[in-house]
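A short worksheet on the structure shown next.
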Amino acid sequence: MIETDKLQAPRVISAQTADRQEDVVERALRPKRLAEYVGQAKIREQLEIFIQAAKNRHEALDHVLLFGPPGLGKTTLAHIVAAEMGVNLRQTSGPVLERAGDLAALLTNLEPHDVLFIDEIHRLSPVVEEILYPALEDFQIDIMIGEGPAARSVKLDLPPFTLVGATTRAGMLTNPLRDRFGIVARLEFYTPHELAYIVGRSAGLLDVAIDDAGAVEIARRARGTPRIANRLLRRVRDYAQVKADGDITAPVADAALLMLDVDHLGLDLMDRKLLGAMLEKFGGGPVGLDNLAAAIGESSDTIEDVLEPYLIQQGYLQRTPRGRIASASIWQHFGLAFPRRAGDESAELFSAP
């Protein structure tokens, strides 16, 4: 039987933003400049060129859209863009901007070339989005003054600014909004080598002794995500200080991560609950998203946005027109025999010695 207890505990390998105290620590570990930024080499190279060109012309950088799974550095890049441009950054999120006046207040307080960062930009309301279009294109907004028959529209000029939008669901952006971004970048999962470097850098900032093997052990279980790598590092640090001599080695990291229920594939209890339900209740699939969500008691959005991206990227899970299918490697990971299905050629392939 696949274990599914203790599933209500917070996920230590979740890439979602942590509580306020954890968020303060995460901000302290963020790189401040492109030269310090590790990974996403192509995006980093592009931004270096675009930023330098904008500075040479004494112009605001073109609007930037960053998308990809959570925890890969979209917010960090927004702060870096502002720092490299030498301007202020104003930060908000799509759900916070409920009314057109909320956005108008932000825009009218911007200084020339400032960066406005909107996280979860796909969640902007249609009313707010309509106000944003002329602001992005013409650096102007239309506001209504008065009510009833006496109401009139007034056009306000805005200073040139850069909008940096971040989203985990680029497909939910409307075409008119997406088309107004001059720079569009997708952030990819990090390699274990890149994450090991990030873990080593963060350990130095936290004044924690760690060897290369310990950094690699944490990195390979961090699901390709820097936010998770830094979170695991802090928990392994706690374990090392209490259960060991304070230094993080590979055996110490392994023991700490197993205590946290993070296995050698980087899967935690939530992942194993999802995959276990697919294997035990649906024979490995195909299974529809709604059925899977009902089986494990999670929302479809949580499965799509939080659980699936890494599992699909690693080949543990497949999306097909008929539904989700668990890969042969996951059957093996759970110690179960891969089923032979009639007419399934892959069963012959995976059952071969």
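Quick reminder: no glycine exception, Cβ is built from N, Cα and C everywhere.
Note that this is a predicted model, so its numbers are computed, not measured.
Taken from Swiss-Prot, the feature region 'Large ATPase domain (RuvB-L)' applies to 4-190, supported by sequence analysis.
Summarising the annotation, Swiss-Prot assigns ATP binding site to Leu29, Arg30, Gly71, Lys74, Thr75, Thr76, Glu137, Asp138, Phe139, Arg180, Tyr190, Arg227. Packing around Leu29 (ATP binding site) is summarised by its Cβ count: 19 other Cβ atoms lie within 10 angstroms of its Cβ, all protein chains included. In three-state terms derived from DSSP, Leu29 (ATP binding site) belongs to a helical segment.
Taken from Swiss-Prot, the feature Mg(2+) binding site applies to Thr75. Following the DSSP three-state reduction, the secondary structure of Thr75 (ATP binding site) is helix.
Across the region 'Small ATPAse domain (RuvB-S)' (191-261), DSSP classifies residues as 50 helix, 2 strand, 19 coil. What Swiss-Prot lists as region 'Small ATPAse domain (RuvB-S)' is 191-261, and the listing cites sequence analysis.
Marked as region 'Head domain (RuvB-H)' by Swiss-Prot on the basis of sequence analysis: 264-353.
Using a 10 Å Cβ-Cβ cutoff, Arg324 (DNA binding site) registers 24 neighbours. Annotated DNA binding site per Swiss-Prot: Arg319, Arg324, in sequence order.
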Item to check | Pairwise Cα distance maximum in Å, ATP-binding residues per record: Leu29, Arg30, Gly71, Lys74, Thr75, Thr76, Glu137, Asp138, Phe139, Arg180, Tyr190, Arg227 | outcome: 37
Next on the checklist: Just to be sure I understand, if DSSP states are collapsed into helix, strand and coil, how many residues of the region 'Head domain (RuvB-H)' (264-353) fall in each?
Outcome noted: 49 helix, 9 strand, 32 coil
Next on the checklist: What whole-number Å value do you get for the CA-CA distance of Phe139 (ATP binding site) and Arg319 (DNA binding site)?
Outcome noted: 42
Checklist outcome for this item: Within 10 Å, the Cβ with the most other Cβ atoms among the binding-site residues Phe139, Tyr190 is that of Tyr190
